[in-house]
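Copied from TrEMBL, the annotated features are:
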{"type": "BINDING", "residues": "Cys12, Cys15, Cys29, Cys32", "note": "Zn(2+) 1 binding site"}
{"type": "ZN_FING", "residues": "12-32", "note": "zinc finger"}
{"type": "DOMAIN", "residues": "82-122", "note": "domain 'TFIIS-type'"}
{"type": "BINDING", "residues": "Cys86, Cys89, Cys114, Cys117", "note": "Zn(2+) 2 binding site"}
Amino acid sequence: MAFWEARDFLFCGVCGTLLTFDSIRSASCPLCGFKRKAKDIEGKETRYTVTAEDIRRELNIEPFVTLGSAQTEEVVVKRPEVDKPCPKCNHTKAEYYTRQMRSADEGETAFYECTKCQHRFKE
């Protein structure tokens, strides 16, 4: 099977132009006259993906993130603190965050990090 038959069945096998349907029996190339039978095209599916970056590029819009002007500063994320004793050093303060570890009908898992010794534990 030729490459164009496997992937590009709506395009001309000679020049690559999009075929137009002249009748219910065939599609032809408007540039070079190449013809393909409609039964060769029938039942095939065409898919493509358009990303936000593709749209910005097409409309000449600046990208959201420019690598050349990326921040070089380190961003420190501060988690909320709770009164939770550390099992390792018994310090009373710990930062926490939660994650959904199993299915949606089960509760979240809470992860803690001691503010003194950085020991991590979960509940």
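Don't overthink the numbers, they just go from 1 along the chain as shown.
Cβ from N, Cα, C; glycine included.
Structure with TrEMBL features highlighted.
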residue: Cys12; record: Zn(2+) 1 binding site; Cβ neighbours (10 Å): 21
residue: Cys15; record: Zn(2+) 1 binding site; Cβ neighbours (10 Å): 12
residue: Cys29; record: Zn(2+) 1 binding site; Cβ neighbours (10 Å): 19
residue: Cys32; record: Zn(2+) 1 binding site; Cβ neighbours (10 Å): 12
residue: Cys86; record: Zn(2+) 2 binding site; Cβ neighbours (10 Å): 20
residue: Cys89; record: Zn(2+) 2 binding site; Cβ neighbours (10 Å): 11
residue: Cys114; record: Zn(2+) 2 binding site; Cβ neighbours (10 Å): 21
residue: Cys117; record: Zn(2+) 2 binding site; Cβ neighbours (10 Å): 12
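Annotated pair Cys15 (Zn(2+) 1 binding site) and Cys114 (Zn(2+) 2 binding site), C-alpha to C-alpha distance, rounded: 67 Å. If you compare Cα positions, Cys117 (Zn(2+) 2 binding site) sits closest to Cys12 out of the binding-site residues Cys12, Cys29, Cys32. Secondary structure of the zinc finger (12-32) per DSSP (helix as H, G, I; strand as E, B; remaining residues coil): 0 helix, 6 strand, 15 coil. For Cys89 (Zn(2+) 2 binding site), the nearest of the binding-site residues Cys12, Cys29, Cys32 in terms of C-alpha separation is Cys12. Counting in whole angstrom, Cys86 (Zn(2+) 2 binding site) lies 74 from Cys29 (Zn(2+) 1 binding site) by their C-alpha atoms.
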